[in-house]
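One structure is given below, represented as structure tokens, and several questions about it will come after.
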Amino acid sequence: MRNHLHSAALCKILMFSNSCVFQGWIPKIVKKKACTTFLEDPLSNGDLCQCGGERALHGSVATGDYFGSAVVSKWDSAVHTSEYPTDAFGELEFAGARRRHSHFLRLSCDTPASLVYTLMTVHWGLPAPNLVVSVVGGVGKEKVKSWVRDVLRQGLVRAAQSTGAWIMTGGMREGVGRCVGEAVRDHVAAASSISQSKVVALGVAPWGMVANRKQLINEQGSFPARYYVQNISEDSYYLDNNYQAFLLVDDGSIGRRGGETNFITHLEDHISHQRTGIWGSGNIEIPVLCMLISGEASVLKRVDMSLKTATPWLVLDGSGPAADMITELLSDLSPTSSPGDGEGRDSSGAEQRERVKEIVKKHFPTEKALDKLVDQAVSIYQNRSLITVFHGDQDGPDDFDTVILKALVRACKQVSSDASEYTEELKLAVAWNRVDIAKSELFNGDIQWQYEDLEDLMTDALVNNKPQFVRLFTENGLNILQYLTYKRLESLYQSLPDSTLVYTLLQKWLKERDNLAASHHSSPDSADGNCKKSPKVSPHAKGLSLYEVSRLLEEIFGGVCQPFYYTVLGLELGVSTRKAAKYVNKLQQGDGAYGEKPCAYPWASLFIWAVLQNRREMALYFWEMTGESVLSALSACKILRELSKLENETENKFSLKDLAQKFEEQAHDVFSACYQSSENRSFTLLIRTSPVWGGVTSLQMAVAADARLFFSHDGVQTLLSKIWWGDMSSRTEVWKLVISFLLPPLIYTNLITFRSGILISSFILLGWSKTDTPKHPFILHRWRQFWFAPVTSFLGNVLMYFLFLFLFAYVLLIEFKPPPPVGPATVEFVLYFWIFTLVCEEIRQSFFTGSTGFSQSMRLYIQDMWNKFDLTAISLFCLGLICRLFPWSYEFGRSVLCVDYMVFTLRLIHIFAINKQLGPKIIIVGKMVKDVFFFLFFLGVWLMAYGVANQALLYSYDPRPYWVFRRVFYRPYLHIYGQIPLDEIDGVGEKPCTNNVTLIHEGAEPCPQSEANWLVLILLSVYLLVTNVLLLNLLIAMFSYTFSKVQEHSDVHWKFQRYNLIVEYHSRPCLAPPFIIISHLHLFIKRNIRKVPSVKIKHFMLELRGRMANRLNTWEAVQKENLLSTQSKKVRDSDTERLKRTSAKVDNVLKQMAEIRDHDRRLRMLESEMEFCSSSLLWIMEGLAQSNLIKQTRPPPLHRDAVPTSPSSPS
């Protein structure tokens, strides 16, 4: 109970005090210990207390308690100490060591372990471990053996890095603790930045043993405390600078060990009850393993205490006394069956105890408390199932992680009676992310895994980003259709790390739903006509749901597809945000029946989940498993590029863009494989609507994702060309089109070649079947073939637009009459009507194109740059028309119409997009305009600086604002082009001027001053040098860079912008303005009176269902598999992979050679022993032969050499 209270209190304080500037809350929670009773040490002549401290360090109360000192003969930390606020905490800076600061804390040995663990993980920021290895023994001046150093360096630290472990030692520069520190240091120097954070070295040392501990004392905390270390080359009691954190356990004693034992045991026990993974989302509790190296007799107490808390131990045989004793204890004493009577049981126990006593006495001959050590050894032997022995002479350090795994699995079997060995081993492998161990030991075909065995482990692998295990589980018995329900999908989104961008965005939508529900709570209207009914409950949100995910995806995709998960939640399309939020809150508070339903598209849902988190490897795997590969890759590209715009951190932004480019390349490669396999099927692949991705097509998603590389593919361009030309041959010359346009009867001749068969833009794109195609007479059919082609519509619009510009210019230059009643002229009324038809067409494009809502249609319309041109031109024309009708604003209206003509003329640039040479130039011009704005900013700075100085020096007084403005900005701008008024600068101008202030006020021209003309000339020279040389060359350089950058990918840019032009003219009526009004009237009658549904409203969209959709998906999946197989083969054949395989083979050969050398060494030892035995037997035989003890009945045996016979030799 005390531990829980301390953890809760610490968490509250950490919310407000998580800074290094003020941490006064630490002494209020963490305590130290001080001796309060002076018990004289008989070996110190009365100068020292039994705690190890001097008499002067004890207070008057402690030294004055004579009665207590007389009664008690032995010092006890629990009785003779008191707790005070700690005075040593903060960060530790080792003098002369170039590394990050280490955390340290002096704490009482009775401090709750839960509080300490929370402080380390929450406040210090140490990553939660997947394994804790507590190294015990090897302290003091004892020399560590060389093979133990190899185990620590090559085995322990490497295993800790691969598993994400904490290594706990004494943390001082002595024995094993120093070896571990050096091994961690070497690992940090060689490993990457990501791997460095996986290994945490934690030192738990007795406060009274630490050298120079006074440097750490500061009641306010040390940030940092500068710590000096001496005698670096020798073992000492200084703290090791290779550790990330230090816990300095204080039991009140000085210069004595053992006070930290109970604390370490409790800390290990507490950690072993925490769960691995993000936010404790792992499937197992954190495994804790104690590792015994050497050790003195006092270590047996530590081993016994940990074994009683079911903590497994790994003992290094041959490392030293305590480890060797336990190894011999386990090997010599075999468990015996108990006899039936008690007397037999007692005699067996007595014999066992005597044997234990002999072993203990053999290894610790000088120990006096032999019976206590025997009791501890017997207790250790009784828990032998938790002990694993590592034989250094037989097991190499390379497989040390496997040894640790086996030791923990063995312990798990003993603790849990129903635990499966394979299941526990797999849980540990998942926690450590060791898929190599899982493949070699558990998924080698010998074990039949069931779905129930892998279900929870799959969740662990998903949440903690272990894609290799996800792949392994799905390939070995886990059914994803059974696994992924909507409830589990929600839990995956709820487990997102709070440091990710997607978590922040989802919390924003969740907060919005909470606010809408709270504001709608008091509304009496409980009816919801757009949602399915659910039980009426409290409207407060229960937590993150699929509704927030749907809102996020809707914001990312920008309405290009229908909302996700609306059908599952029971929401209808078009439902208002308030009603949807209210309904979802009710649904969350209800039974949530939808949560148990299996996810309709599990791979696609997991793919979106992984892409939103920017998990590269996992997203690529889910993409491999999901259907509709091209569309899925383009969708991921869209998501990642939108997230990169919202990301603030540069590294994450680059990572998002890089993964987006990767998916665009994958979409390009898969479609390329499909196009090479079947041209017609690949066309269908581009325009079919997807039920998985909200009814969107691949072309629409590619446009939304700005996938220019994908659009540059020949297959996409071939389809666009066929759509552009309709049923006409794509080789038709332009002059033939123009002649046929002007003389329509020529279309019935052989001037233009038409393809036989059904119009591709009507058959493939509009989803007609051959039987659904209406039959028309030849004359009408040929007429439709010509006039309904987008290229004809484009040609007609271009020709009529030139005629419109000619009419507009004619009105402005010749027929622009005065205001009514004199004007306007008849030709001007024709111009008004023409503009009216243009307005009607813009209204049709903005409101009646596509199947999206009003707001979405407007947003898509405004996003187009040329639509902005149209709105500007039409708005200016309306303004000019209104102004020209009144005499007082006639001239202003005429000026507006003149400017409007320029806008309409510039709109003509849009037609260049269809040309392969001129199209990219439009992009170049657009980007250069942006460069000009940057140039004008720098130029404006110099203009103002020079203009103000020039005006002030030449004219001491000029109250006319208009002329001041001209001289400050306009004249310096003309200076750039060479118009320099030298007469004004020299003060010899011929214009009449005056210096009389009164006359100047009346409008006279002030005279320029000549006193400072030398300074004006200097400023002019500097100004011209900067503007004409520096800034203009900078602008030219910017233009050159822009041109080369766009020109390098001009073909890609042109192919991408060509799509928008084709879509626009494909959806336009065949007649051009002003005759387009006829088409508008026809459409109005057809849609609103005859109620004939529109076919072109879903242009470039083909809906496939049933067998045809399945066949197309299967064909696409086959092409993707072939592509992935080819890519995998290329990777395997690359030089990098060959080097890796060669390196692995060399390592395997070196390992086998080491084993051979070891076998050779052991054979030599065996041969030496055999020679010794033979010599001894020979000596015995000779002695017996010379004595009279044995009577010889036959001659002694003779030695015969065994000559091996070759199997190929003749018999």
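Placed from the backbone N, Cα and C atoms, the Cβ positions cover glycine too.
Features from TrEMBL:
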- 342-354: compositional bias 'Basic and acidic residues' (COMPBIAS)
- 103-330: domain 'TRPM SLOG' (DOMAIN)
- 441-713: domain 'TRPM-like' (DOMAIN)
- 800-1050: domain 'Ion transport' (DOMAIN)
- 331-354: region 'Disordered' (REGION)
- 520-539: region 'Disordered' (REGION)
- 1191-1211: region 'Disordered' (REGION)
- 1-19: signal peptide (SIGNAL)
- 746-766: transmembrane segment (TRANSMEM)
- 786-809: transmembrane segment (TRANSMEM)
- 829-848: transmembrane segment (TRANSMEM)
- 869-887: transmembrane segment (TRANSMEM)
- 933-957: transmembrane segment (TRANSMEM)
- 1014-1036: transmembrane segment (TRANSMEM)
On the 0 to 100 scale, where does the mean pLDDT of the domain 'TRPM SLOG' (103-330) fall?
82
Quick test of the contact rule: Cβ under 8 Å, at least six residues beyond the ends. What residues does that give for the transmembrane segment (786-809)?
723-728, 737-738, 740-741, 744, 747, 752, 759, 761, 827, 830-831, 834, 901, 904-905, 908, 911, 914, 1061-1062, 1065-1066, 1068-1075
Given a Cβ distance threshold of under 8 angstroms, which distant residues of the chain, six or more beyond its ends, lie next to the transmembrane segment (829-848)?
804, 807-808, 811, 854, 857-858, 861, 867, 870-871, 874, 877, 881, 1064, 1067-1068, 1073-1077, 1080, 1083, 1097
By Cβ distance under 8 Å, which residues at least 6 away from the ends of the transmembrane segment (933-957) in the same chain are close to it?
964, 967-969, 971-973, 984-985, 997, 1000, 1006, 1008-1009, 1012-1013, 1015-1016, 1019-1020, 1023, 1026-1027, 1031, 1034-1035, 1038
Against which stretches of its own chain does the transmembrane segment (1014-1036) lie, if we need a Cβ under 8 Å and a gap of at least six residues from its ends?
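Same-chain contacts beyond the flanks: 931-932, 935, 938-939, 942, 946, 949-950, 953-954, 972, 975-976, 980, 985.
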